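Below is one structure; the comments refer to it alone.
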């Protein structure tokens, strides 16, 4: 049997049989289970294709498994408080967790806590990275969505805390989900809220592109791979499909629930959504303790996978090459994660063996632009040419003097020769 190309990871609040279940979306067959505890809503993440991380529901630690050693916890990352949400950067270098109203950022290679972001006023509910790991997008119960430039966060001056690049405040009730499309710093971001709207934003400009109003609260959202459609899970158990390729007549518009644009099958609110890599299947989890696999074109449910409690996490991933091979091992060890900021009192010092390279902003004069550098270069060339010309003039003057002296000598010799010839002719 050929190895599957895609895998579905799902978790429920009960965690009686397993913390996380891995299964094949086409057949629904269970391939792996990870045991130990239960994971909080939006608290499940795959780190670098090597580790599975799950924020323990209601507890202040993160469970860590090697993808291959599913029956044994690798370690527990102790946190300052219960983990509300969790996300790993696509490049596998950073880990962020929402704890109360703060966002904690760790460096995976060293385990150092690099930053604590404190711009939200209430609990953080969802976190995600852009596909190039350059930005972090966070949503919270304070109805705010914040966009953080990762490298500006890492380069922040110690005299003041990190500040978000954008503060999107157009929602009026708690944020329930945040999803980012492809394109890195030029991607589009979809946000859903209990205010019955989903909003589409542009990271490059920070502008609101469109806002769609529903008749129910929206609890989850997902793009299809081509970003032609946006799938919105409602509190009534219905999934709504919004077309993004049609030009909106106005920036804020209502959603008209046509029969062919909805997925009906869940009996309770839809908590999480994910789309297959080829855009043909939609995976949904719900508080009705089921995960459904849908055919997007026909809007029909292909199968329903029962769970033991409300589904807290569901997402589909490209199958890691080492996930189904028990003999393989992670390519990098996971260090101990610090609870204190690097450089703070009580934090591990240099004797811990780690070296931090922090690229800070220059404190000296402002760096010149390319045009200013070009002007400076032109000025230097002009000075050089001026010096060369003055030196050349001096050389010409000196050479002229030498030639004048030689000419005088030649004239004297010519005069002497003329006088000598005249005397000879006169004597004859």
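Glycine is no exception: its Cβ is also placed from the backbone N, Cα and C atoms.
Residues or ranges marked as repeat 'WD 1' in Swiss-Prot: 36-75. Under DSSP, residues within the repeat 'WD 1' (36-75) fall into helix, strand and coil as 0 helix, 24 strand, 16 coil.
Outside the repeat 'WD 2' (78-118), and at least 6 residues removed from its termini, the chain residues within Cβ reach (under 8 Å) are 40-50, 53-56, 58-62, 124-129, 131-133, 136, 138, 140, 142, 146, 148, 150, 153-154, 156, 161-162, 164, 332, 334-342, 347, 354, 356. What Swiss-Prot records for 78-118 is repeat 'WD 2', and it gives sequence analysis as the kind of evidence.
As annotated by Swiss-Prot, repeat 'WD 3' applies to 119-158, with the evidence given as sequence analysis. Within the chain carrying the repeat 'WD 3' (119-158), a Cβ under 8 angstroms from the stretch's Cβ atoms is held by residues 42, 84-91, 93-94, 96-103, 105, 164-169, 171-185, 187, 189, 191, 193, 195, 201, 203, 206, 343, 358-361, all 6 or more beyond its ends.
Cβ atoms under 8 Å from those of the repeat 'WD 4' (170-211) belong to residues 42, 122, 125-132, 134-135, 137-145, 147, 217-223, 225, 227, 230, 232, 242, 244, 248, 251-253, 272 of the same chain, restricted to positions at least 6 beyond its ends. Taken from Swiss-Prot, the feature repeat 'WD 4' applies to 170-211, supported by sequence analysis.
Outside the repeat 'WD 5' (213-252) by six or more residues, the chain places 176-179, 181-182, 188, 190-198, 200, 261-275, 277-279, 282, 284, 286, 288, 294, 296, 299 with a CB less than 8 A from a CB of the stretch. Taken from Swiss-Prot, the feature repeat 'WD 5' applies to 213-252, supported by sequence analysis.
Cβ atoms under 8 Å from those of the repeat 'WD 6' (265-304) belong to residues 5-6, 8, 10, 12, 25, 28, 41-42, 177, 217, 219-226, 229, 231, 233-239, 241, 310-316, 318 of the same chain, restricted to positions at least 6 beyond its ends. What Swiss-Prot lists as repeat 'WD 6' is 265-304.
For the repeat 'WD 4' (170-211), the model's pLDDT averages out at 95.
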